[in-house]
Amino acid sequence: MSSEETKTFTRAEVAKHNTNKDTWLLIHNNIYDVTAFLNEHPGGEEVLIEQAGKDATENFEDVGHSNDARDMMKKYKIGELVESERTSVAQKSEPTWSTEQQTEESSVKSWLVPLVLCLVATLFYKFFFGGAKQ
């Protein structure tokens, strides 16, 4: 949808579309008509109908949708929220994992923690059970 074609809707207009025959969602100030997607939604149609006509941004992000799901949303976008009713909540991005950092930290923890535990156990045993010969 190009910017000159973008329709705008109010929250009140979106709220009218809250049934399984007419299901609109507001996500990140964008309006999506997901009626045709209800039966295809991997999480079931109930979760979409429950959010129909409402701002579903938080619930959408809490689920942690994949990049494929985010790309798929584009075809259901029918417009945007009017400027005066938009929220300034920044879109959460997918977490970026640094495998290099995790691997380095994990390898240190994987041998350091058991080493310290063995040392503590050895000292405990020697102190309490080894005892000094008298």
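Note: Cβ is positioned from N, Cα and C throughout, glycine not excepted.
Annotated in Swiss-Prot:
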- His41, His65: heme binding site (BINDING)
- 87-105: compositional bias 'Polar residues' (COMPBIAS)
- 6-82: domain 'Cytochrome b5 heme-binding' (DOMAIN)
- 86-105: region 'Disordered' (REGION)
- 111-131: transmembrane segment (TRANSMEM)
Residue distribution over DSSP helix, strand and coil in the domain 'Cytochrome b5 heme-binding' (6-82): 35 helix, 20 strand, 22 coil
All-chain count of other Cβ atoms within 10 Å of His65 (heme binding site): 16
Model confidence over the domain 'Cytochrome b5 heme-binding' (6-82), averaged pLDDT: 94
Tertiary neighbours of His41 (heme binding site) (same chain, Cβ under 8 Å, six or more apart): Val34, Val47, Leu48
